[in-house]
Amino acid sequence: MSVHKTDIKRVTTHVIQEMKTRGEKISCLTAYDYSMAGIVDAAGVELILVGDSASNVMAGHETTLPITIDQMIYHAASVVRAVKRALVVVDLPFGSYQGNSREALSSAIRIMKESGAHAVKLEGGLEIKDSITRILSAGVPVMGHLGLTPQSIYKFGTYTVRAKEEAEATKLLEDARMLEEVGCFSVVLEKIPSSLTKLVSESISIPTVGIGAGPHADGQILVIHDVLGINKEFKPRFLRHYADLNTIMNDAITNYIKDVKSSSFPNEKESY
Ligand code: KIV
């Protein structure tokens, strides 16, 4: 399905909430640049996340930790310029909100003012409650993120499934309830058992958006480069490749090289 300019009605946090209420699944993807965001939005996803996964897929870092607030604003502003319909959510990067709610608020305000995005996302539960409530008090919509939170990778040690043990699952459910209570509009659940996703999604009224969290979340999110098969080596169990762009792009580029070398590009019609 593609969305034409004339049909366009913007997706808001209220629309996302109504979708949960009527049982309609929410489709979400990441984007980090103008061209890709335009394609993702025109295809009709409800929510586009300018994820700090830009640190991995755009900048080639091993983790999400190095990306800065200025870099997130650059990516987010590029995405916002392309998007006509989807709700645009931006990750607050590592170090811009933890342990200091004033700094969290000024980070969120910078992102909203300088990128034109519609909401921010923060990783964590009770530990960052003050930061979340302060941002919410300024009228900025907040999406939570629980389970595998990649900004804490050095605490976890690995990217394996979280909250398999009862104590961690109980804390996750409490954190989800807290996020609902303080006024977050949604929460990402990353890499947790399917049964826990079901329990959380049924226990809170705000929409859950899963990644590696099974089919029971109210919506699903994936990184666009993974969906399109751009990086072939990354093949976790939760991922489905919907295209093999790596091969398609490689074929196109090798054909271009061949044509340049053989002088068959450009031809008469392609010249002035
Ligand atoms: O940074 C990111 O891309 C995310 C995900 C939920 C995919 O946080």
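Yeah, the Cβs are placed from backbone N, Cα and C, and that goes for glycine too.
The 3-methyl-2-oxobutanoate binding site annotation in TrEMBL covers Asp52, Ser53, Asp91, Lys121. Annotation source TrEMBL lists Mg(2+) binding site at Asp52, Asp91, Glu123. Positions annotated as active site, proton acceptor by TrEMBL: Glu190.
Sequence-distant neighbours of Asp91 (3-methyl-2-oxobutanoate binding site) (same chain, six or more apart, CB under 8 Å from its CB) are Leu49, Val50, Gly51, Asp52, Thr64, Met72, Val120, Lys121, Leu122, listed in sequence order.
Figure note: comparing Cβ neighbours within 10 Å for the recorded positions Asp52, Glu123, Glu190, the maximum is reached by Asp52. Of the recorded residues, Ser53 (3-methyl-2-oxobutanoate binding site) and Glu123 (Mg(2+) binding site) place their C-alpha atoms 13 Å from one another.
Apart from the site residues Asp52, Asp91, Glu123, the chain places the Cβ of Gly51, Ser53, Thr64, Leu92, Pro93, Phe94, Lys121, Leu122, His145, Pro150, Gln151 no farther than 8 Å from the centroid of the site's Cβ atoms, the recorded Mg(2+) location. Note: the CA-CA distance between Glu123 (Mg(2+) binding site) and the residue listed as 'active site, proton acceptor' rounds to 10 Å.
A sphere of 10 angstroms centred on the C-beta of Ser53 (3-methyl-2-oxobutanoate binding site) encloses 20 other C-beta atoms.
In this structure, Asp52 (3-methyl-2-oxobutanoate binding site) belongs to neither helix nor strand by DSSP; it is coil. Cβ neighbour count for Lys121 (3-methyl-2-oxobutanoate binding site): 22 (other Cβ atoms within 10 Å of its Cβ, all protein chains included).
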